[in-house]
Amino acid sequence: MMTALILKRVAQAIPVMLIVAILTFLLMKLLPGDPAILIAGDGASPETVERIRVELGLDQPTVVQLGQWLWNLFHFDLGRSFLLSQPVSQAIAERLPVTISLALLAFAITIPVGIIMGVVAAYLRDSWFDTGVMSLALLGVSVPSFWLAILAVILFSVTLGWFPSAGYVPFLDSPLGWLRSLILPASILALFQIGYLARMTRSEMLEVMDQDYIRTARSKGVSEYSVLSTHAFRNALVSVLTVSGYIFSLLIGGSVVIEQIFALPGLGRLLVQAILARDLPVVQGTMLFLGFLFVAINVLVDILYTIADPRVRYD
């Protein structure tokens, strides 16, 4: 049963990924500029530019170019970077561990802190703590991440000297150095999602705590801790699980800005540099990879959601 469910969800994701690939290609075609001119240089002759256009297949109709690009994509060929002079897939593979490390560390901070704050806020409804959690949630959607990141660098790196202001240390080189290089950007990245998760957890907990079986458990003399942990939280956790996948996607997307500020050599920084340098194959490949990653995360969350709540059925 579970194998059939997984195969079904993966099969449903394939056309979505195909649409993502086609939209990515078409968006790149809408951008101004000629890749052949970028490769040849401003002083190149028209003959040189035309020769490069033919070599890249840019002289072909858009439909033919799309078909060739999808064929190359099927063979895991994302093209070659103009700026880096290396395959796009290699550039992505080299920088992916940084982005994943940043997102996972931020996720590890967000989930326990956000859930605990949401549970306590629901239990202490209308208290000063509850008000503080709601204020933090509002802060998360109001304050730009780059502004808070710059303040954090000034305070914790420049003034106090607790953390490095930029750079990345691979985990295998130094686990402690890896943690020091990521803890500040990961905390800033997590802060905006902690408020959202806390608000979501609080809402689910309040809804569950108003159910009849919670009142029945309390009337039977069940301890308040057991009511919260065993009955209320376990049932509210199903919805929180769904949100966690969305949060992880947001953390990966938010890493674009954070990586720029903290000079982390991840996918976000690669994408920004490629956009500024008009390195279209890298822009195209990175956007496509991130799109596929988001689809894969959603599929995984759907599967976990069904495992956590067997009542869920897909048509």
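Positions of Cβ are set from backbone N, Cα and C atoms, glycine also.
Pulled from Swiss-Prot, these are the features on record:
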type     : residues : note
TRANSMEM : 13-33    : transmembrane segment
DOMAIN   : 96-305   : domain 'ABC transmembrane type-1'
TRANSMEM : 102-122  : transmembrane segment
TRANSMEM : 136-156  : transmembrane segment
TRANSMEM : 178-198  : transmembrane segment
TRANSMEM : 238-258  : transmembrane segment
TRANSMEM : 287-307  : transmembrane segment
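Here the transmembrane segment (102-122) touches the transmembrane segment (178-198). Their Cβ atoms form 3 or more pairs under 8 Å, with each pair 6 or more residues apart.
Proximity of the transmembrane segment (238-258) to the transmembrane segment (13-33) is not established, fewer than 3 Cβ-Cβ distances being under 8 Å for residue pairs spaced 6 or more apart. The stretch with the most CB contacts under 8 Å to the transmembrane segment (287-307), chosen from 13-33, 136-156, 178-198, is 13-33. Taking Cβ pairs closer than 8 Å, the transmembrane segment (13-33) reaches residues 62, 65-66, 69-70, 73, 278, 280, 283-284, 287-288, 291-292, 295-296, 298-299 in its own chain, all 6 or more past its ends.
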